[in-house]
Amino acid sequence: MGWLSRFIAAVAFLAIGVIFSPETLTSKSTTLSTYLKLAHLLSFSTAFGAALWVTFIGGIIMFKNLPRHQFGNLQSKMFPAYFSMVGACCAISVASFGYLHPWKTSSTTERYQLGFLLSSFAFNLTNLFVFTPMTIEMMKQRHKVERESNIGEEVGWSKNVEVAKSNPKLKAMNKKFGMIHGLSSLANIMSFGSLAIHSWYLAGKIDL
C-alpha cells in the first residue's frame with residue numbers, strides 16, 4: 001500500500017469516528033472547541049509517539065543491526081523529516097491549546113502546560129535548523145576519513161575507537177561529533193520530556 005493510500009485510509013477511519021461519535025449523533029452542530037481539541041490530541045499523540053519510537057526504540061535497533069555508515073546515512077535522511085514532523089505537530093498543539101486557554105483567563109497550570117509545549121516546539125526547531133545540519137556535515141567528513149582507513153562498514157563503534165588511537169584527525173573528529181550529537185540528543189530528550197509532562201496533564205483531564 002502506497003503512502004497516499006495509507007493516508008486516505010487513515011483519514012477515512014478518522015471521518016467515520018467523527019461521524020459516529022456520540023457528540024455528533026446527538027447534537028446538530030459541532031463547536032469549534034471540539035475540532036481544536038481533536039487537532040490538539042492528534043498532533044500531540046503523533047509527536048509523543050514519534051519521539052518515543054525514534055529516541056528509545058527505532059534508533060537503537062538500527063544502530064545495533066546496520067553497518068555504521070549505512071546507519072548514519074539513513075539517520076541523515078530520517079532526522080530532518082522527524083524533527084519537521086514533530087515540530088509541526090508541536091506548533092499545532094501550541095496553537096490549539098493557546099486558543100482554548102487564552103493567557104489572560106487561563107490558570108497557572110494551563111500556563112505552565114503552554115510553556116512545556118512551547119519548549120518542545122523550540123527544542124525541535126533548534127535540532128532541525130542548528131544541530132542536525134551540523135551533525136550531518138560532521139558525519140560526512142568523518143565518513144570520508146573512516147573510508148580512507150577502511151572502516152565504517154562494520155556494526156558498532158569498535159573499529160572506530162581502535163583506529164582513532166593512532167589517528168589524531170579521526171580522534172579529533174570523534175570528539176567534535178560527540179559534542180554536537182550530544183547537544184542534539186539533549187535537545188531531543190528535553191523535547192520528549194516536555195511532551196511527557198503534558199501527557200500527565202491530559203491524562204488528568206480525560207474522563208474514561
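Positions of Cβ are set from backbone N, Cα and C atoms, glycine also.
Going by TrEMBL, these are the annotated features:
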type	residues	note
TRANSMEM	42-66	transmembrane segment
DOMAIN	42-144	domain 'TMEM205-like'
TRANSMEM	78-100	transmembrane segment
TRANSMEM	112-132	transmembrane segment
TRANSMEM	179-203	transmembrane segment
Next on the checklist: Mean pLDDT across the domain 'TMEM205-like' (42-144), rounded to an integer, is what?
Outcome noted: 96
Checklist entry - DSSP says what for the domain 'TMEM205-like' (42-144): how many helix, strand, coil residues? => result 94 helix, 0 strand, 9 coil
